[in-house]
Amino acid sequence: MKIRSMKLREAHRSDGAASLCSILWDFQAHHIVTSSSSDATIAVHEALAPSNSPQILRNHRDGVTALALSPNSTCLASGSIDRSVKLYKFPGGEFQTNITRFTLPIRTLAFNKSGTMLAAAGDDEGIKLINTIDGTIARVLKGHRGSVTGLAFDPNSEYLASIDSIGTVIYWELQSGRTVHTLKGVAPDTNSDLSILNSLNWSPDGETLAVPGLKNDVVMYDRDTAEKLFALRGDHAQPVCFLSWSPNGKYMATSSLDRQILIWDVDRRQDIDRQKFDERICCLAWKPQGNALAVIDVLGKFGVWDTAVPSSMKSPTEGTSSLQLKNGNGLLLLDEEEQEPSTSGSLSDLSDDCLGDSEPRSRKRLRKPSKYDDDLDEDMKDKWNLLPKVESRKTTSHGNKESLDIQKGLISAAPKLQEAFQPGATPVQPGKRRFLCYNLLGSITTMEHDGYSHIEIDFHDTGRQPRVPAMTDYFGFTLAALNENGSVFANTCKGEKNMSTIMYRPFSSWANNSEWSMRLEEEEVRAVALGTAWVAAVTSLKFLRIFTEGGLQRHILSLDGPVVTASGFGDELAVVTHASSSLPPNDQMLKFRVFNIRNGTQPIKGRLPLSPGSCLKWFGFSEEGQLSSFDSKGVLRLFTTQYGGSWLPIFSASKLKKSEENYWVVGLNTSSVICIVCKSPDSFPQAVPKPILTLLDLSFPLASSDLGAETLENEFILKNMQLFEIRRKIEEMAAADQDFISLDDEAFNTEADLDKCILRLIGSCCNGDKLMRATELVKLLSMEKSVRGAVKLVTALKLPNLAERFSTILEERMLKETIEATVLPLPIVDGDASTKADVVISKTFASPKNEKVSELANKLPSGCLLPPSISKELFSKELANTGKVTALQKPTLKLENTLAVKNKSELKSALKVKNDGELKTVDVKAGGLSSVQTQRPSNPFAKASTNKDKSSFLESFKRKKNDNTGER
């Protein structure tokens, strides 16, 4: 057989020294990924355009020793000499997370068939099984004495095979984590050369495990019994250092220390082709589609061997679809049971035994008939065929569905659930300081250095908050929250016991040693939050743990979905969880719950709306305590109790039309969103130098108006929203018997601002000939002076018909206000219900039409009074509690004396209206007039009367009473 040679091109520099290099194809054969232990970068090459420069990923601080791609090629994992395992989106290359760390370099990585589990190992003792959905460590497998250099998941998800540098192979049962078989000294000892790693590989049907042998060969072992089946022995002059099955399992490629690659026909057990290279090939990968083999040598040079299998023979990818049907999984499809994350940390999702088998299967079952058993005669083969067939471990309906999916070519992964995040935190950046927390109060930053981290807490207003000394973090905290009283930290599961730590540090306390910490075993903290005298943590077991500020474990609640994030404000804790699986293409289904920690109640819950195809980027409270959210499409929403509880889109980044900017939200107030502007493609700020906060005006995503007055319409909606929230707070405070004078002033000022905005809108409508809209707007004015101003405005604009209509609306409003001053029966006071009552007359529009008001006064029954119109409910409540009618805040007219009314005529004489619109109130007693007080129309923009005004009113009242007594 003629030995061919091929040229390679450089992917990574090695300075002439041998390095351990890796190479991978993605499943569509569009990209080739390479790495080298002498280079801290990862290169992603375009297979269809090899002349293009590769995409470079620079996230490791030292050489990259291992690569792995998930079966659907959406997730890339890398291990390094820097002892970290990192995950990236693929093919984009966006860094996702440091999913785990070791104390010594990593040597090998492997995904399971669905990509939900990643196995990682190296010079450390133990193999980590990591849940890629939530980053938890499901199990640590220990048993090797040398560095683990190769890992391979059984395609049927029952076993994990591993090999170390001293030639020991171990079969692990995934469900229990137990050692099933241990084969000692079956592979070469590679301890002396780190550029050579023992590897092993399962056949695509999962029935055979291939391991480098001691005689420059490849030995095949049975899946269940670990018995030696046969060996591939040919023209390799030195030990095999890497091997790989073809996608259909018919061929195998092996590289050796003799610098050759041999292609084997496994059925015939002979090599069919070979290539000679200048340097040792340390890694190779079959092209998933077609007939090609990608290779890379110890100097970081790679290439593609086209037509690796002679064209006269069966293609190495022919028949792969039928093989996928046989396995019932297809390697590219996620099983339905495996789409949900395992929150308990068990490995039931890795084994198909949990899907309904009533009897446990024996690990030592008899070996299936094999085409490699030449020594079996026909009678023995017939006996093998008489054995009962092993049923598929999938349910029938599930297997049928998968078969249909594969036949239709549905090679796609289900939408992924959004992972948990901490509001105000930025992603990990190797060698750089990052934010653990950033809010309107201050920030918490951390930077890893030599195995530990350095944490600093800074406040925006250093004059109001104490200086907090820096902290050395030996726990590796990844989550933090900050408020005025202290800070809380948490980390991911670490150590042999797989423990997560929570630590709270108060900024000041009267007692020594007020700092406290808690440890959670087999449970990982996903989000933390702080409030008034409480600390909260949400964990991987869907537990909401609530602690007091002193560290007392107060409550443990079970949530009904995986947590996404959490935030605290005062007594309120808001938690966001997944409501269900994501909907195609990638719509996250989230819900929120708000807990009042002080009262032990849950006042609000519901679904959390997001823009289509987006995910939640920030979640928290405004400065006024209103719940808010911001999604990846740039839409900021505010929760309001209007319409039974709704989310209002109060800001949209797309409306700003600045595609070169991204907005990283920090918080918001009544008029602005407070954010950090990041230049594209950056989506988050750097901790150094300190970022600058930017205030952007809140703006509803309004449609383009035919008036061209979007700014005024936005202000109109915003002021209405603010006024509604102020009135809601007033009602809550009044119900709790709290002082709300300051809020009442704020409501009055907001009403005035809203009226001014409406008047400007009316002007725009008149100029745009939208008279119907102007009429609708004038009905929304809340003050008499504003309505009169609207009449003057349209009169000045020479719109007499509109002015007349406005005047009619004003008259109807005044009459309606008077009628709505509901007549209530007088309370009984000291047993005399017929003649005595405390009279309070609130502000009302004084109607120019005196006859109508006089008629209304005549119709009032004896023994009745007019309650204030500020709040009828509050008036009724006050009446029930005290038996008297008392004046509320900001009355425009208060009559202090007692009015004795005996009949309708006396009440009629008590209320008279002058022609100029003044309302005259006369105190009538049996003997005659007691006092007369004139009230002019109120100025709605004027402040409440001062105490001086009230005292002068009382003095004049007393003088009038004395004069009447003297006349008698």
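Placement of Cβ uses the backbone N, Cα and C atoms for every residue, glycine included.
Pulled from TrEMBL, these are the features on record:
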DOMAIN    15-304  domain 'WDHD1 first WD40'
DOMAIN    419-702  domain 'WDHD1/CFT4 second beta-propeller'
DOMAIN    731-814  domain 'WDHD1/CFT4 helical bundle'
REGION    337-378  region 'Disordered'
REGION    926-968  region 'Disordered'
REPEAT    57-98  repeat 'WD'
REPEAT    141-182  repeat 'WD'
REPEAT    233-274  repeat 'WD'
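Sorting the repeat 'WD' (57-98) by DSSP state (H, G, I as helix; E, B as strand; all else coil) yields 0 helix, 23 strand, 19 coil. Long-range neighbours of the repeat 'WD' (57-98) within the same chain, counting only residues 6 or more positions beyond its ends whose Cβ lies under 8 Å from a Cβ of the stretch, are 19-20, 22-24, 26-28, 30-31, 33, 35-44, 104-111, 113-115, 118, 120, 122, 130, 132, 135, 331-332, 334, 411-413, 427-431. Remark: secondary structure over the repeat 'WD' (233-274) totals 0 helix, 23 strand, 19 coil, with classes taken from DSSP. Across the domain 'WDHD1/CFT4 helical bundle' (731-814), DSSP helix (H, G, I), strand (E, B) and coil residues number 68 helix, 0 strand, 16 coil.
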